[in-house]
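Features of the protein shown, as given by TrEMBL:
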type   : residues : note
COILED : 186-213  : coiled coil
DOMAIN : 1-89     : domain 'Vps16 N-terminal'
DOMAIN : 167-257  : domain 'Vps16 N-terminal'
DOMAIN : 354-475  : domain 'Vps16 C-terminal'
Amino acid sequence: EVLQNHVLEAKVFHTEYGTGVAILTGAHRFSLTTNIDDLKLRRMPEVPGLQKPPSCWAVLSQDRVTIVLLAVGQDLYLLDNTSCSVVVSELWWPVTGSRVVCSPPHSLAGPSPVPCCPMGCFPAPSTCWQVLPSTRQAGMVGQQGAVGEVTCLGWGSLSRVFFFPVFAEASQEIFKIASMAPGALLLEAQKEYEKESQKADEYLREIKDQKLLPEAVSQCIEAAGYEHEPDTQKSLLRAASFGKCFIDKFPPESFVRMCQDLRVLNAIRDYQIGIPLTFTQYKRLTIEVLLDRLVLRRLYPLAIRICEYLRLSEIQGVSRILAHWACYKVQQKDKSDEEVAHAINQKLGDTPGISYSEIAARAYDCGRTELAIKLLEYEPRSGEQVPLLLKMKRSKLALSKAIESGDTDLVYTVVLHLKNELNRGTFFMTLQNQPVALSLYRQFCKHQERETLKDLYNQDDNHQELGNFHVHSSYS
């Protein structure tokens, strides 16, 4: 069939077996192999009424199951080995204020229908679907072979994107209709307690009699992490806090950590920030990578507030972010070197882990040499100042800084650099103005370059030492 109808499109994907390839033929049929090294081409079931290529499609592979997800008009289809099923259908766009109701795929978690978005999320119906895997580098499934745990589906147009979450097991247990799960009973108990109803005691007794109160608390804490609505998060955490009161020595770490994680997640999910991570993605990504993404977007205040809230070490958190901010600040051409240097010093001060020399190097790379020199004045470590000054061809200033440091090796480094950079006469004249450097260079010449030592004595008209030099040379 592939030979007869040709290949319209192909996608490479990765599985436990190796590299796979999926093919869309001219007959609008899909065929795939999960391992190109052991080629067994399998034809997928036919999509009813498919007369043209789908708007878009992707291959998902997990737990040795490979499926094809494709969008046709307003419908989303899922092809597995044996059948073709409609995942999302009957989308309509009614009057303003209505809600679109979608049924996510049962194979992804089987949750009940979810209210997806109010009318106005999208200017028009769209069929551009993507799956966001919770890998460290969250990319589109079907591109770069990024395959991971499916955490949500995204529906988007050219101007808007909305996400359909895949619910965690704890959320399903608590919120499914007529649920008798421990977490569901604890949530009801807390709600009744707020109403000052005696039903709260009845629900609690039922959980206690089964000795499931610790499980109920843990279930509410876990479910809170997978909720995107702050009100629902708070409701679940209040229930968990309520349940903890009746447990001796319940470890508080999981509750506290979840509160912290949710505050961070709610902050970055805000529409002004626009990073709608799921709880699973956030954990896989790690806080360090999230901070890097905020820094790349120049969201420095938010990144710093998160560091302070989570009490990250200064070197790991605030210092690193301030250094990024300063490196961005030196690129602003609308302010004078003096203003930029002062602003950076005011903000950074003596913050541990900050390297002014790195910021100065960035300024120099941007063509702002004078700004770089001003920033180096704030660098307390001469060993960091001197190499950059030499790179900027400010050798005399580098020599002064090296001498001020009292580091003999640093002075020797600059002196030898000057020796290679300047002609002989200028080099000797430079040393004449720096007695410490001249003395050290003489010591160096006594052991390494005795002929140069004679030239130094000649230039200084130091006849006593010149005579000693000739006597010593004759004796040698």
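Note that Cβ sites are derived from N, Cα and C of the backbone, with glycine treated the same way.
Averaged over the domain 'Vps16 N-terminal' (1-89), the predicted model reaches a pLDDT of 86. For the domain 'Vps16 N-terminal' (1-89), the DSSP-based tally of helix, strand and coil residues reads 4 helix, 48 strand, 37 coil. Secondary structure of the domain 'Vps16 N-terminal' (167-257) per DSSP, as helix, strand and coil residue counts: 64 helix, 0 strand, 27 coil.
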